[in-house]
Structures are given as structure tokens and as C-alpha cells.
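**Q** Take a look at this one; I'll ask things after.
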Amino acid sequence: MVPGSPAAGAGPAPRALSLAARLSYAVGHFLNDLCASMWFTYLLLYLHSVRAYSSRGAGLLLLLGQVADGLCTPLVGYEADRAAGRCARCGPRKAWHLVGTVCVLLSFPFIFSPCLGCGAATPEWAALLYYGPFIVVFQFGWAATQIAHLSLIPELVTSDHEKVELTALRYAFTVVANITVFGAAWLLLRLQGSAREGPPDEAGDHLGVQDVPVFRTLSLCVVGVGAVFSLLFHLGTRERRRPPAQEPDERSPLLAPATARPLLLWKHWLREPSFYQVGLLYMSTRLIVNLSQTYIAMYLTYSLNLPKKFIATIPLVMYVSGFCSSFLMKPVNKCIGRNMTYFVGLLVILAFAAWVVLVDELGMAVYVAAVLLGGGCATILVTSLAMTADLIGPHTHSGAFVYGAMSFSDKVANGLAVMVIQSLHPCSLELCCRACVGFYHWVMVAVTGGVGVAATLSLCSLLVWPIRLRSWDPGAQP
């Protein structure tokens, strides 16, 4: 069976979602997107450059968060699928979304605030231990919200083009969230600079302990704005209700109706080659998007030696470019298909990597490079999510497990990659020595060009063996 094709015995196709319903769904991940923007772009920079923790210590905290997220994601996905029909008031997906939202709101501000009770004599390991529980709670909440929100896509719409449109709208608000974070960061840094008396000095143009209030205020703004949009999601999105499973009684038929659709369980997915093909492509995509977002601030600060305002303006340009690209996804997919759309996005990212390799001093051309990176990342991310929805097709009862498994590989791979990069950092006794200038230059090349080649190989496998279920026999017993 090809995912997305109608199955025998299936009910009538649901009506198309209204614009209000589509927008309500799209803002449901806004809090997660705001927090993820700060997490990936500023966590290492905050811990290493502002709090002066070692590169390995900062990488260890990010690894802890990614592993916690990765472990929680498939568990939440499995439980969300298992809870179908049990949450009579709001539905299992929305219930998990609410739990995750509360965890994020309560934990995230502590991550970007100074350690309570810590002083100048506090050893680094004790401070890192303090941040650990907040990071674990935050990542559990983030995973619960993400999986609940993603698994609603095949629940709400069935058409391929509607899935692309909903995914593109979701990503458009992801871009808006990133623009909001970087715009707020630029404003806070500018206000801090104008409040400083005396002529501007070189030290004031670079990050340091004086920037702690900027990140603390930014984290509080993030959770405040995100809470409002989460409320709008819960008020405007209706999850399709499923009747709870009933115990058989004397009036129940002994044989199930012949028209009932067999269920594709989580263990069946593990036998499908397409599950691993799409999973590898999704993991490669997330590595490119997340690692480039994580290290772009380091690259700007240490390799290009730009003032600290660029850690807000360059990511802002990237996500404006991504925002514009997201609206082209639906017509481009219709014209050239999923695979070619993804390939075009990869070509743009590889062009960025080649530019970084060939040019050491970008100057004002760094804005053009940011446009390329932002547009390419938006294209491959939206397309990979649409491919995942294609894989799930009508089997929405186990969709959360699929998204959970995909996210598990992505989160753990991201965490391990960051830890490896941080362990290779050449400056052990200071924040940045001469060697780290070239170090972050080649990190940006590796996380875009190197991982881009791996993504190309994954895409080639989908061209040879397209997405479809090959091993599952609907007539076999689970």
C-alpha cells in the first residue's frame, strides 16, 4: 500500500481545515520554537562566553539536554499513541501538548539565569550540576510538545498538498519565532549599549559577564510570549476524537467486520526499509539546521571577529530568508515534487559551504551568505517533514511513534556531534586563542557541506527506492 492512498473501509474524508484552524495549529509550536532558537543559538555562547565555563562543560550540558530529549521523545510518542481514546476532554495529543508546555514554562528561565547560591569560589562542576535538572525537565516538556504537535498533522489533514501547506505554515511560525528572538536580542543588546556611559570601547562590543541580564530578560520574554500562543493553540485546535476501546460483551460479534482496517503497530515500522531511509534523511536535515544554528554565533564572534550585535542580526537575516522560502514550498512541490525540492535546498546549502571555504573574510557579504543558509535550511526542513508525513500516510494511530523515533535519532546525533566538536576545541586555558579562529571556520564548513553530502546520499536512496510500505502484510496478524 502506498502511504496516503485511501484504504477500504475508511470513513469519509474530513473537510478541509478553515484558515483559522490552520493558523491555530501552526502557532501550537511557537513556544517550543522560541525556546529552541535560544537553546541552539545562544546556549553555548552564553555558557562559554558570558558565564566563562569551559567549552567541554558547555558542550556537556547541551549533550545532556539532547540525550534527555532523545530518550523522552519516543516514549512520549508511544504513550501518545497508546492514550488514543482515553482523554475525553481534549484528546491525547493536546493533553501531552499541555503537559509539555507547563514543563517548558517552569524550567526554561532558570537555564539562562545565573546559578542561585553560586559564587566566585563555586567550582564549575557544581554549577553545571545545578543546571542539569532544569535542562532535563525543559527537554522532557519540549519533546512532549513537539511530538504531540507533529503527530496532529496526519490527524487533521489527509491530502499530500494539505500536509505540505500545514507543515509550511508551521515552519513559517518557526521562522517568526526565530525572528522574534533575534529581534529581541538585538534590541536588548542595543539598549544595554546605549545605557553604558562614556565612549564605546572594544570590550563593550564583545560578550562578557556584563551581558547576563540580557539573556535572563530574553528568556523571560520568550516564555511570556510563548505561553500566549500556546493558549491560542488549545482554544482553536480540535483533535479528532476516537472512541475508547470497549470490552466485549454477549452482544458483541465474535468476528470483526471484514471492512476493518488492520492496524500498523510500532513494531511493524521497524521492519520497513522506508522508515530507516526517511529517518536518515530527517536526521541529516536536523544536523544541518541545528548545528549551523548552534555554531553560527561562534563563527561570527571568533572566526570573523564581528561585534556582538551580529549574533542577532545575522541569524535574523537567515530566518527572514527562511520565512520567505517557506511560502514557496507548496507551488514548488507541485511543480517538481518532493525529492527535487529537497535537492534544490541542498544545492543552496552546499553553495554556502563552498563560499565559506573559499573566502576567509566575508565582510558585508556575510549577509548574502546568511540568505543562502536560511533559505536552504527552510527548504530541506519543510520537505523532510512532509516526507515523514508521507511515510505515515493513513496510519495515524502510530504516527507519534514514527515522529518520536525520528526525533530520537536527530536529538542524540546533534548532542554527540556538539560534544565531539567541543572536545576538539583547541583552546584549553582561555575562551578563544588564535587557533579557534580557524576552528569555527571549518566547523561551519563541516556541519553544512559535510553533512550535506550525507543528506544527498540519503536522498539518492529515496530516488532508487521510493517511500512506501514493503514488508507489512495487512492480512497478517499483529
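Glycine too: its Cβ is placed from the backbone N, Cα and C atoms.
Small disclaimer: the values here were computed from a predicted structure and weren't measured.
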**Q** Please indicate whether the topological domain of Arg216 in Swiss-Prot carries the same name as that of Leu463, placing both on the same side of the membrane.
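**A** For Arg216 and Leu463, the topology recorded in Swiss-Prot gives opposite membrane sides.
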**Q** Excluding the flanking five residues on each side, which residues at least 6 beyond the ends of the transmembrane segment (169-189) place their CB within less than 8 Å of a CB in that stretch?
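**A** Contacts with the transmembrane segment (169-189): 22-23, 25-27, 29-30, 33-34, 37-38, 41-42, 149, 153, 211, 214, 217-218, 221-222, 225, 308-309, 311-313, 315-316, 318-320, 322-323, 326-327, 329, 378, 381-382, 385.
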**Q** Counting only CB pairs under 8 A, let me know which of 98-118, 309-329, 401-421, 437-457 has the most with the transmembrane segment (278-300).
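**A** Going through each listed stretch, the top one turns out to be 437-457.
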**Q** Sort out the residues at least 6 away from either end of the transmembrane segment (125-145), same chain, that have Cβ-Cβ distances under 8 Å to it, and list them.
**A** 28-29, 31-32, 35-36, 51, 53, 57, 60-61, 64-66, 68-69, 72-73, 76, 96-97, 99-108, 110-111, 115-118, 407, 411
**Q** Kindly state the mean pLDDT of the topological domain 'Cytoplasmic' (1-26) in the predicted structure.
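**A** Looking only at the topological domain 'Cytoplasmic' (1-26), pLDDT averages out to 62.
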**Q** Can the transmembrane segment (437-457) be said to touch the transmembrane segment (339-359) if we require at least 3 CB pairs below 8 Å and skip pairs under 6 apart in sequence?
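**A** Yes, the stretches contact each other.
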